[in-house]
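Structure first, then comments.
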Amino acid sequence: MSVDTGVGNVSKTSELQLEQMFFDQAKQYRDGQNSAWSMAGASAGTAVERRAYKNAMEKRKVASPDDPVALTRIDYDDGDKLYIGKIAIFDEKKNLLVVNWQAPAAAVANQASVHDPLGLRRKRIFDAPANKIISFEDIVYKALAEAVSELDDHSYAGDALLQSLSRKRGSEMTDIVKTIQAAQDKLVRADKDQLLIIQGGPGTGKTAVALHRVSWLLFNFQDELPPEDVLVVGPNPTFTRYIRRVLPDLGDADVVQQALQNLLSNDVRMTGQDSPATATVKGSARMSQVLEKALNQRIRVPSEDIRIQRRNTVLTISLPASSIAEVLKTLQFDSFADGRRRFRQRLVELSAPQLGNIRQVSPEQFLDLRALDAEVEKIWPQITPQQFLRELLGSKERMKRAAEGHLAPGEMELLYRQQAEKVADEPWTMADLALLDEAQAAMREAPRTYGHIVVDEAQDLSKMQLRAIRRRSKNGSMTVVGDIAQSTGPYSRDSWDDIAAILGEGTPAQVDSRIAELEHGYRVPKQVFDVALPILQSAAPSITPPRILRDVDYAPRFAGVPAGELAEEVARTVFTHSGRGRFVGVVAPLQLWPGLREAFQADDLQWSESTEGELSTAINLVTPEDAKGLEFDAVIVVDPASILQMPHGERMLYIALTRTTTHLDVVYPEGSLPEILGGDEAEGSDRHESGLGLGADGPVASTSSEGVDPEVADSGEIDPGGSTSAEPEFPAQPPTKSSSVAGGSSDKTQARNEMAGLDGMQQAMAVHWAKFFSTQLTENVPAKLIPAVLEELARMNLDDQV
């Protein structure tokens with residue numbers, strides 16, 4: 001086989017050998033670099049030097065020994081070439097062998113396109129696990145442009161990302177560096193000083209873009225932006241743990257990563273739950289005005305003169321109420337804590353003329369400090385944010401005085417909550433955290449600020465939560481990502497306008513604000529998105545659907561079962577996917593979890609639950625709310641009709657369906673499939689679709705490598721005669737009224753004659769595969785389920801179809 005280099009054809013075998021020689025040599029230099037650092041650390045004399053070296057090593061970007069030295073190679077028209085990898089590699093003369101992907105020189109690799117190759121003749125993408133080149137793919141721009149003159153810049157059929165996503169992926173996005181396409185890369189390398197909002201549908205890579213943008217900013221602005229000056233905010237602890245390894249893999253382990261509730265916790269325990277209506281009111285920007293007014297109302301202007309006792313005497317001094325009022329007026333724009341401190345000092349100063357201070361010492365020396373502080377407390381009480389909010393929410397009178405003109409009477413009533421006996425026992429809610437943060441900033445001090453903030457899944461944040469994030473920004477430099485079509489909960493929205501307005505408030509003139517859209521979907525398969533598209537169009541008609549570029553060999557499977565067998569069918573489906581090493585997500589409403597847990601336990605399955613804030617690498621039970629932003633190899637959506645009954649049900653179902661990168665199963669009680677998923681047609685069908693691997697007329701067996709599960713193909717479990725032991729393709733849509741019923745009498749007669757019609761070699765192969773499947777059944781299916789499985793196979797006439 002030959003490859004086109006752009007200047008002629010050469011043998012691919014010889015090219016691969018030459019590339020492997022370079023990879024081997026570069027790895028030696030990379031290992032040498034690491035050894036040099038290790039030796040430097042070992043020779044560090046003092047404890048201080050050793051600690052300094054250790055800190056430097058932790059911050060230094062290093063590659064795993066199993067990482068390839070290069071991900072990409074680019075060849076310029078003038079003959080120069082450049083290898084691009086995770087870290088820079090130099091030879092013994094300090095010549096650059098491999099450039100860091102974050103460096104400006106590497107940008108052209110991802111920004112070049114057919115229409116504008118940017119001076120490149122060719123881009124070569126390596127597939128080299130453990131630094132051994134299995135293959136490489138070349139994009140020769142001139143040849144590609146001539147062959148496909150109108151090819152879209154961003155839709156290369158051979159994109160390495162599309163190839164890698166057709167293979168098994170891990171549970172975390174730990175190696176997405178090598179295939180950022182041109183449109184994404186422009187966002188990664190966008191100007192630092194801006195509020196960049198990225199709208200992207202499921203699988204468009206918006207989170208990957210945001211995290212790579214962090215890494216790129218840190219590399220190119222090292223003097224201005226240290227890693228600890230960057231904050232990444234996730235929607236919940238589950239999501240934060242899900243992406244926590246991405247930045248360390250990119251070499252940026254010191255970046256601050258926080259789930260929103262942890263960022264705003266103010267050291268309080270969140271034990272309460274607001275109704276959606278109450279959460280909506282608490283999340284309104286009007287609450288900032290209510291809190292400000294309520295704080296000011298805690299400051300009492302005295303109606304009478306105040307008296308402060310002198311030290312070591314019964315004598316007092318008198319300060320006129322009018323003078324106190326004037327002082328308070330001058331402090332009205334101070335923060336609560338600063339104002340209180342300055343108010344106390346002004347009282348001391350007002351007392352001075354009456355103290356006869358002839359020695360010019362501080363007037364405070366002549367006052368009884370306990371009496372002074374008592375008068376300050378009466379006028380300007382010292383309270384914590386928790387005390388303040390607890391007393392505001394627990395007093396209808398206080399709330400009425402503070403909220404009048406800002407909230408309707410019904411909204412005030414929603415906010416009332418009887419106070420717990422102690423502040424520590426107050427049932428704080430997620431919405432309360434943003435209110436506490438607002439009060440904290442007003443009463444005491446502003447929170448720590450950051451030079452750049454990344455906010456993921458921002459479409460669901462309340463205006464008060466957005467204000468909390470904004471006050472943590474030094475200059476408005478942020479990267480904000482999300483999908484308006486997935487906006488749910490009390491603060492759902494249909495545009496980014498209010499988010500842009502709040503996060504952009506008070507930013508310097510040089511900080512721009514813009515909204516960019518990722519138009520192409522890479523991770524969600526087209527077959528899956530076709531199912532979800534009608535839901536998107538109904539739930540978010542203003543959103544342009546992403547263009548889906550990826551096909552897989554597996555169409556979605558719809559399984560309608562008797563209601564009493566729902567959990568068992570889900571467990572059986574989980575067992576099948578998990579047995580093939582897939583990262584599985586079961587998306588189901590909470591009310592179905594008890595039955596699912598029981599079924600999982602009966603099948604000896606081990607799983608994790610999203611409500612515990614942790615995901616396993618195998619099986620995960622996830623609520624539709626928690627599923628947002630997560631990805632799995634295989635997703636099982638349970639009872640879509642129940643999901644539709646949830647608040648923002650259509651958007652919740654859209655989220656659930658689009659969490660998969662390969663396999664989708666929809667399992668539902670018979671007769672309940674929603675019309676938007678083809679329910680009317682399905683209920684009119686005579687076909688019972690409960691078995692794994694059914695086509696429209698029974699099992700679909702692939703006879704070419706295009707229909708083979710890539711995981712099975714990689715393992716070599718392919719019949720030399722052309723068939724495969726891979727699971728057959730699932731039906732693309734629910735059954736229609738025209739679907740035929742498998743297993744007619746003529747089919748049975750033909751099936752009984754199948755073995756007799758084979759020659760000796762073919763009969764031996766048939767026996768071999770029968771034994772293989774028997775072994776698989778015995779080893780992978782719990783013994784108590786085998787009779788039921790065999791009965792189900794017989795009932796479905798699968799033995800007549802093989």
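Yeah, the Cβs are placed from backbone N, Cα and C, and that goes for glycine too.
Using a 10 Å Cβ-Cβ cutoff, Gly200 (ATP binding site) registers 26 neighbours. The ATP binding site annotation in TrEMBL covers Gly200, Gly201, Pro202, Gly203, Thr204, Gly205, Lys206, Thr207.
Per TrEMBL, the feature compositional bias 'Acidic residues' maps to 708-717.
The compositional bias 'Polar residues' annotation in TrEMBL covers 735-748.
Under the heading domain 'UvrD-like helicase ATP-binding', TrEMBL lists 179-525. For the domain 'UvrD-like helicase ATP-binding' (179-525), the mean pLDDT of the prediction comes to 89.
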Assigned element (helix, strand, coil) containing Thr204 (ATP binding site), judged by DSSP:
coil
Hey, what's the Cβ neighbour count for Pro202 (ATP binding site) at 10 Å?
26
Using the Cβ centroid of Gly200, Gly201, Pro202, Gly203, Thr204, Gly205, Lys206, Thr207 as the reference point for the ATP site, which residues of the same chain not in that list have Cβ within 8 Å?
Asp483, Leu518, Gly521, Tyr522, Arg523, Pro546
In sequence order, which residues at least six apart in the same chain have a CB under 8 Å from the CB of Thr204 (ATP binding site)?
Leu518, Glu519, His520, Gly521, Tyr522, Arg523, Pro546
Give the sequence-ordered list of residues that share a chain with Gly201 (ATP binding site), lie 6 or more positions from it, and have CB atoms under 8 Å from its CB.
Asp483, Ala485, Leu518, Gly521, Leu536, Ile543, Pro545, Pro546, Thr658
